[in-house]
Amino acid sequence: MGPLQFRDVAIEFSLEEWHCLDTAQRNLYRDVMLENYRNLVFLGIVVSKPDLVTCLEQGKKPLTMERHEMIAKPPVMSSHFAQDLWPENIQNSFQIGMLRRYEECRHDNLQLKKGCKSVGEHKVHKGGYNGLNQCLTTTQKEIFQCDKYGKVFHKFSNSNTYKTRHTGINLFKCIICGKAFKRSSTLTTHKKIHTGEKPYRCEECGKAFNQSANLTTHKRIHTGEKPYRCEECGKAFKQSSNLTTHKKIHTGEKPYKCEECGKAFNRSTDLTTHKIVHTGEKPYKCEECGKAFKHPSHVTTHKKIHTRGKPYNCEECGKSFKHCSNLTIHKRIHTGEKPYKCEECGKAFHLSSHLTTHKILHTGEKPYRCRECGKAFNHSTTLFSHEKIHTGEKPYKCDECGKTFTWPSILSKHKRTHTGEKPYKCEECGKSFTASSTLTTHKRIHTGEKPYKCEECGKAFNWSSDLNKHKKIHIERKPYIVKNVTDLLNVPPLLISIR
């Protein structure tokens, strides 16, 4: 046998057979023939380009043989192969044409055995064929029968797709990284990662992508289109994957479980982030100062310390913030939005932390105790503020007048006395105030709300100061008995002022 040629691994059609093929079959044929040619070139077997390959590359009909020559050459089939598979199970011209060329490989090349379901099971004895088999991850000569459906498949009539579906094997492998895929088209797309090719460009902003699907998804940023809608709550998304993730909120599904502690998550990315808690790993490092963080978002937040920038501006009042979340919270001052509501009394708050703090009022819990005097408080911030009474610390200084304060928020309010700024406006009467708390108190004039109630007689008041004045009536009638030092430390201020 002579050296392996392209003709040995090529399939040729008559005009009649070619016209019997549909578009998908023609495209498949073209892809496989060109792939065969490239493999032979890779092995150094083919030097000159065959006419068939030229026709296929130019999109022409691949009719390299004369019509009468093709008609005069009926398929020469092995007797056993013909008995098992021909003509009952092979009904279309596509399969017939494919089989013709392989049957032309005579018995000195392929030793067919009776009852064998795969020509690929027989060893190819000639060196040229062995070289080709080593190059091709999938034997291009393989013709096999599926016992499950009783149909004959061939590589060129989607046998690879068929085998992948039934075996789960990824047939198309990337030479660069070794990753395997079920479809050649997926492999072609994947290769662009290595080449850096991004042929799909957004006309709106110029951003380029590897895949057309990614460009389609990207365009929705400009159009605002959200085609994927949740049937449960009506929320819409730009990507189907985001909708899939969102649905787990309704189903409660948490398929991603931490092997270390058993905690489960909706998304694999959340699990990956969580695992850092156990490892203590801090893979995200600030290039400016070298400080490391567990999450990339923390690095982004940290970097603003170096730039000192405040990129997030309030359109309403012009105030700037370092973080987008702080701007979102700030906007609630202007909108009056209070999304966090107490189930006990119905009071609503701007921040979830304020609601958490408020709930302690209902429980009466005072977990924060001063080490200096033993006084207990509902909140850690109140304790921290109280401790400054003992230390006398006032670290926040006004540049205008030199006055110092225990808290930065109090300093901010104080500064407005110099600037005259009154950002908090009453929608009811138009009156403006320097502090949001003053506006809240003022609104009670319009609403008639009296949240401060005397525990002794049940009388209610608009302001806490009025309640304190009222309490003196009851205190004057009752002596305050001091039994120990702790009671002395906790003498009500109102009683001290009366005595």
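Keep in mind that glycine also has a Cβ here, set from the backbone N, Cα and C atoms.
Ranges compared are 143-165, 396-418, and Swiss-Prot records zinc finger for 396-418. Residue counts of the zinc finger (452-474) by helix, strand and coil are 11 helix, 4 strand, 8 coil (DSSP-based). Each residue of the zinc finger (284-306) gets a DSSP state, and the totals for helix, strand and coil are 11 helix, 4 strand, 8 coil. Most Cβ pairs under 8 A with the zinc finger (396-418) among the ranges 172-194, 284-306, 340-362, 368-390, 452-474 are made by 368-390.
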